[in-house]
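Residues or ranges marked as compositional bias 'Basic and acidic residues' by TrEMBL: 236-246. The domain 'EIPR1-like beta-propeller' annotation in TrEMBL covers 31-212. Marked as region 'Disordered' by TrEMBL: 227-246. According to TrEMBL, the feature repeat 'WD' maps to 137-173.
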Amino acid sequence: SDTKVMTCAAVWRMPKELESGSHESPDDSSSNTQTLELLCHLDNTAHGNMACVMWEPMGDGKKIISLADNNILLWDLQESSAKAVLSSSTALEGKGQLKFTSGRWSPHHNCTQIATANDTAVRGWDTRSMRQIYCIENAHGQLVRDLDFNPNKQYYLASCGDDCKVKFWDTRNVTEPVKTLEEHSHWVWNVRYNHSHDQLILTGSSDSRVILSNMVSISSEPFGHMVDDDELSDQEDQHQEEKIKEPLQDSVIATYEEHEDSVYAVEWSSADPWLFASLSYDGRLVINRVPRALKYHILL
């Protein structure tokens, strides 16, 4: 607008044909391009530039949180999603230029908590009171770029940043990270937990690499897939006991180097737990699979 660049947010509806569950595929690729329907804008004129928008993880799709400069805004989509009403907000106060870079809405605690990143700090907020509930002051040595909650362990949170590190936190005790990964050689833009198997961690970085890590020791299945005693014969029983005695190993599973420039987005498929995509400034979208051997190791 005029001479200023503004970042804004809006809610759009996908065409019926593209909704999940409808399997009607167009007969050929030359069929008409579907257009999205604009439902409403999230009006942020009073609050500054939008950094991030998050849907409530569980729920009816009526609640959205947006981060605009130093404001957290909770929106209620009303009248069949055609209008967004600001239901509550809070501002981050302190010295200097305070701006949020990213945020995540926790799927735990009845969806009453979000985590935000600003500069080198990670903060937790209660969406009912809009008050801060924890703060990790210097979570990273430089800017924090991204956050993600463990889908299966309610207090576990991952963060990544410009210090090339990925850190895992227990939000009940934020003095020290539970684990730190130092595999990237430049800014880490993205960290994502696998939705089904939380030991699988995906990261993308300005070193042009995507790294898939196996953080089994801090996952919800640190001893692997649990097997009932009734399922085991005597011979298998002995083998199973030996297996449990093996030390737990966190390791890098694979490094993907198909990109030629910074990887600024990685995401797991919401339909297939073994599929993931990465997006880079080189203009490429790359889709990869978890190595088959690891997949069977996790499943069997």
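Heads up, the Cβ atoms here are built off N, Cα and C, so glycines get one too.
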For the repeat 'WD' (137-173), what are the same-chain contacts with Cβ under 8 Å, counting residues 6+ beyond its ends?
101-104, 106-109, 115-122, 124, 179-193, 195-196, 198, 201, 203, 205, 213, 215, 218-220
For the repeat 'WD' (137-173), the DSSP residue counts stand at 0 helix, 18 strand, 19 coil
Could you please provide the mean pLDDT value for the repeat 'WD' (137-173)?
93
